[in-house]
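Per TrEMBL, these features apply:
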- 1-90: domain 'Cytochrome oxidase subunit II transmembrane region profile' (DOMAIN)
- 91-224: domain 'Cytochrome oxidase subunit II copper A binding' (DOMAIN)
- 27-47: transmembrane segment (TRANSMEM)
- 62-84: transmembrane segment (TRANSMEM)
Amino acid sequence: MANHSQFGFQDASSPIMEELVEFHDHALMVALAICSLVLYLLALMLMEKLSSNTVDAQEIELIWTILPAIVLIMLALPSLQILYMMDEINEPDLTLKAIGHQWYWTYEYTDFKDLTFDSYMIPTTDLPPGHFRLLEVDHRVVIPMESPIRVIVTANDVLHAWAVPALGVKTDAIPGRLNQTSFITTRPGVFYGQCSEICGANHSYMPIVVESTPLIHFEHWSSLMSS
């Protein structure tokens, strides 16, 4: 959960989000090195006169041609690795179907016979003490921790997007189309997200809450919900 004075990302709660945060820091270090070099050269040009040999030097032209290519490779390789990791879905332990509506979510646990529910935002007037305004829902998505989860995302009316920042997940919900994503939670907790596609007047009032619990607690919850 983000706080009011936070400048960075939320604490990563999945391996994919950990990789995304690491790549973000890597890209920032590359950008910092480029900015430092450019500022140094600007200061050098202002303070000293460049000779004709320096201006016409083939060695310098070779360096400023090869160096950007090396920088692009340093950014492209880890980026492609993360893209392939995000697309990889290997034998999920649980499949969850998320259907976007105006303006709430419907969840179907396809591995269970009758486990389907709608998830609405709790109005501010009905919000219990200690819960987050505009983020809490009446029915949370409960999943087992440290288990591969596949999420199939679609919509029933207009474009939506199922996004949970702490898990590194954001998938568009398109009517008539099934998109899928996957994640693994590395710790128990409650993770908040929101629809990340402008879907109408109440776009900001259809939050997403994912609760990660140990497997024994998930089995108990699923038995109660199915009965």
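The backbone N, Cα and C atoms fix where each Cβ goes, glycine too.
A quick note: this is a predicted structure, and the numbers were derived from the prediction, not measured.
Per DSSP, the domain 'Cytochrome oxidase subunit II copper A binding' (91-224) is made up of 19 helix, 61 strand, 54 coil. Long-range contacts of the transmembrane segment (62-84) within its own chain (CB-CB distance under 8 A, at least 6 residues past either end) are made by residues 16, 19-20, 23, 26-27, 30, 34.
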